[in-house]
């Protein structure tokens with residue numbers, strides 16, 4: 001994806017590509033615990049530090065969900081941000097100590113239903129596991145190995161994790177086909193837990209909370 005040059009103010013006004021108006025809103029703070037300079041966004045922002053903010057210390061998602069990235073232009077490690085408060089870096093990242101968060105976009109949820117197919121080999125080969133309207137904290141517990149080399153997201157939006165219990169690097173699967181693990185920006189074909197990303201529009205009881 002080519003880097004775009006829009007400021008947080010432009011994103012907040014919905015001028016950048018992908019603006020979704022009032023249905024998505026996030027407040028980004030420069031310091032931990034919602035202190036310091038702040039920036040409100042209602043659309044994608046490929047470079048959070050281009051204008052007002054020197055860094056990102058905490059986040060409040062008022063409506064979403066959103067997908068944040070470690071680097072500019074929607075690159076690097078991914079972080080799913082559902083409705084709620086994230087007072088410091090370890091509230092959105094559980095894989096390593098990285099307080100770098102430089103780009104952000106709304107995460108489209110195409111409906112209340114969820115279906116996901118996981119495959120052992122690239123190009124949808126080998127063993128297959130189907131998950132329907134459920135969260136799976138351990139693929140091993142369901143008789144599947146940790147090697148996942150291709151994925152079909154039939155319905156809904158999902159997030160996969162490197163380790164059991166929704167730990168490690170996060171990989172988002174929006175509706176579509178992923179023939180090889182490099183298509184979800186992974187370095188190896190390893191997934192050990194997956195869950196649904198839900199929108200309060202259909203799921204009024206709220207969103208996922210990590211233990």
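Any Cβ shown, glycine's included, is placed from N, Cα and C.
Positions annotated as N-acetylmethionine by Swiss-Prot: 1.
Swiss-Prot lists 2-23 with the feature region 'N-terminal arm'.
According to Swiss-Prot, the N-acetylalanine annotation covers 2.
Positions annotated as domain 'Beta/gamma crystallin 'Greek key' 1' by Swiss-Prot: 24-63.
The feature domain 'Beta/gamma crystallin 'Greek key' 2' is assigned by Swiss-Prot to 64-108, with sequence analysis given as support. Looking just at the domain 'Beta/gamma crystallin 'Greek key' 2' (64-108), the mean pLDDT is 89.
Swiss-Prot lists 109-113 with the feature region 'Connecting peptide'.
As annotated by Swiss-Prot, domain 'Beta/gamma crystallin 'Greek key' 3' applies to 114-155. Remote same-chain residues near the domain 'Beta/gamma crystallin 'Greek key' 3' (114-155) are listed as 164-166, 173-181, 184, 189-196, 208 (criterion: CB distance under 8 Å, separation of at least six residues from the stretch ends).
Counting residues per DSSP class in helix, strand and coil order gives 4 helix, 23 strand, 16 coil for the domain 'Beta/gamma crystallin 'Greek key' 4' (156-198). If you look up Swiss-Prot, you'll see 156-198 marked as domain 'Beta/gamma crystallin 'Greek key' 4', on the strength of sequence analysis.
Residues annotated as region 'C-terminal arm' in Swiss-Prot: 200-211.
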